[in-house]
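> One structure coming up, written as structure tokens, with questions to follow.
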Amino acid sequence: MWPCQPDDGGVDEHFAVLGYNVKSSDMAGVAQKLEQLEEAMGSFHQEGLSQLADETVHYNPSDIASWLESMISGFNPIPEFDSSSDPFLESSASVNSQMPIDLDFGSDLIAIPGKAVYPRTQPPPPEQNQPQPKKLKTSIAAVAPPPPATPLLVDSQENGIRLVHTLMACAEAVQQENFKLAEALVKNIGFLAVSQAGAMRKVATYFAEALARRIYKLYPANQQDSAFNDMLQMHFYETCPYLKFAHFTANQAILEAFAGKSRVHVIDFSMKQGMQWPALLQALALRPGGPPSFRLTGIGPPSHDETDHLQEVGWRLAQLAESINVEFEYRGFVANSLADLDAAMFEIREGETVAVNSIFELHQLLARPGAIEKVLQVVSELKPEILTVVEQEANHNGSAFLDRFTESLHYYSTLFDSLESCGGGGEEAVSVQDKVMSEVYLGRQICNVVACEGVDRVERHETLEQWKSRFGSAGFEAVHLGSNAYKQASMLLALFAGGDGYRVDENNGCLMLGWHTRPLIATSAWKLR
Amino acid sequence: MLRRPDGTFNRDLNEFLDRKVTANSVPVDGVYSFDTLDRPTGLLNRVYLPARDNEPQLGIAEVEKPLSASEVVPVILFFHGGSFVHSSANSAIYDIFCRRLVQTCKAAVVSVNYRRSPEHRYPCAYDDGWTALKWVNSRAWLRSGKENDLKVHIYLAGDSSGGNIAHHVAVRAANENVEVLGNILLHPLFGGEERTESEKRLDGKYFVRIQDRDWYWRAYLPEGEDRDHPACNVFGPRSQTLEGLKFPKSLVVVAGLDLVQDWQIGYVEGLKKYGHEVKLLYLEKATIGFYFLPNNEHFESLMDEMKSFIQS
């Protein structure tokens, strides 16, 4: 059908809708493996089964052929396997060795041996490697299906629905440049919003304000005030689990990538207050074999006041590193845009393992043509062991205003709804101030998506699927986050007060955190092919 | 592997391995879906609706107008399977199945994300089912029929544990005078202390063993209970009579290679004994879960039967 179908007959369509990638040519093999696995599980000792469940790390269950293979090889019997074995068995490369894992629940980040102690029994499944010439991609893009809209309706009360319809009608009027109608509708929204309670009221108010700004061309000033933004983000960090999850899962991937390396260098595109790094430093300090020597390069925007904020953050991290005996070096780079950086600036040293980390930064580059390509080019020149990326899981960068509006309305409604449930009980109750600041933080994003255009519109969120093709074109392939990262993330969420509605989903090797059934942020890891 | 001998369950690994899909309010093949969260009860339902021809596809769910003011559009309240433990309303296998139901039966489908065991035992699933039924019944936008006679036309459906839930919710509905037009049970999960002939004959033959079934009942039933509990053994020594109850007509589908079939056939006999209308569709060579893939004739017969059941 499509010109780019691989020659092996392609993926089985029936299985594809069920969420599994199986090549049609592999179908018989998969059926056979299922039977093999069934037999093996039937005859294997119960203890072995729990090994497979609790200690083995599983990767990308969507690639069912490889996953089955790894399960089956996990059943290869060890001669004279004794359940009361001593810890020295850990040196064996087998998945079935029984090493007690010390789970220290006190630390924020648990140093999961993962790949380091249990080498994967199967290589991570390679992505369906098709050559991706640019010409082919444009022809596919021309007939791409409409992007999915994923609403989560909470309390479908009549007034709430009318409010949403009015918002949509107003956005449509704006798109058609019928500003008289839009003006009338936006006033209506104000009244309807007041009749709502909780999340819907706040979201509607922010969207109404953003629409009004667009209609009256009163564009928001000071959107780029970084110090203010950082402060807001800190409150957001405290209020709800999204940022903590982002840091946590990225750190897990980095930790695994640094296994066995003695000199490491993290380049952080999203330095801000450096909140991600204490946990990684601690995990590295605790890892068996001792910490590596650690170098951190933090990138940040220029500050508007006199303080050298980047240096201050570096200094605090240096103090922490000293207290836990991790050899630490820091460098801060001020840059207006990531696209201003060149690979040579980082002065990568011989024998140094590099990790590049970007949390909610890359989408901003999409505001200027060529910027993302330049940055990904620079990253590939750094030859990183891993590139960790966390981005909002939504397409707020569609070419039509109405599409962006609809998508972001769904997205932020869900996000605000999750905020409503935060801040009750737990040891550290979330303060009202934290919550309000988080709302302001999100409100600024809403304003940017709806009211701004051109280079000012920096909140150009795109979905993981979209990022995948960008990373693919730049020469990167996915590193799969496994079930241990998933498990740890779930435990982290359980500790979070009000964690009831949060869900972690595994999606083709990436982890997504969402509210009930709607994924909201996606963490992924990449390496050069 | 996920079921531990001490009765606990590796929930994280289960969720990690489960393939999930988001709802999509943009119609695909004539069906669109959205999730609703009923805050007072905390119940999540995924709603699947047939796309209307002349509505603008804005990606916002249409929840102000009734389904139709000229004809009846049935609403199928669906309970996914998984032996009370596995799967969710947003599992890929059930999402695709519910979409096929919308297309085949020209119905709206509401899939309930009921609480699962072992974290939530009996009667949580039934309570959630009942809550969902009341919720569906009270949605103005699920009504259909003639302009002056709009109401929600409800059918209950479910596979495996979902079938069990559908039965119990139907009983409650009958007791409390909520009208259910029909029950569709796809190899529903019933059982009992006794070991039936089919259980002994098919134990371990088609990926399912009696000890697995036992584990799931132990995980669902209250601690210390046995399988003659009325939730499990519906026409057994401890069950409630269905005599004189305004119980809906039932379509019960039995897979000939399912080890639990004797209990399912017993269920059909039990309904008949109380004078309730029931049709048995026995698919001799079918294994459980045959309806997940549309590439076999069992799937076709099932869809045909369901369509005529709902349309009659």
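Glycine too: its Cβ is placed from the backbone N, Cα and C atoms.
So TrEMBL says this about it:
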DOMAIN    A:12-79  domain 'Transcriptional factor DELLA N-terminal'
REGION    A:116-137  region 'Disordered'
REGION    A:233-298  region 'VHIID'
MOTIF     A:264-268  motif 'VHIID'
REGION    A:312-344  region 'Leucine repeat II (LRII)'
MOTIF     A:362-366  motif 'LXXLL motif'
REGION    A:451-527  region 'SAW'
> Can you break down the domain 'Transcriptional factor DELLA N-terminal' (A:12-79) into helix, strand and coil residue counts using DSSP?
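With helix first, then strand, then coil, the domain 'Transcriptional factor DELLA N-terminal' (A:12-79) has 44 helix, 1 strand, 23 coil.
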> Within the same chain, where does the motif 'VHIID' (A:264-268) have neighbours whose Cβ lies under 8 angstroms from its own Cβ atoms, ignoring anything closer than 6 residues to its ends? I mean 6 or more beyond.
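Those are 254, 258, 274, 276-277, 280, 284, 292-299, 346, 348-349, 352-358, 382, 384, in sequence order.
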> With DSSP, how much of the region 'VHIID' (A:233-298) is helix, how much strand and how much coil, in residues?
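Looking at the region 'VHIID' (A:233-298) with DSSP, the answer is 33 helix, 12 strand, 21 coil.
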> Provide the three-state DSSP residue tally for the motif 'LXXLL motif' (A:362-366): helix first, then strand, then coil.
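Per DSSP, the residues of the motif 'LXXLL motif' (A:362-366) fall into 5 helix, 0 strand, 0 coil.
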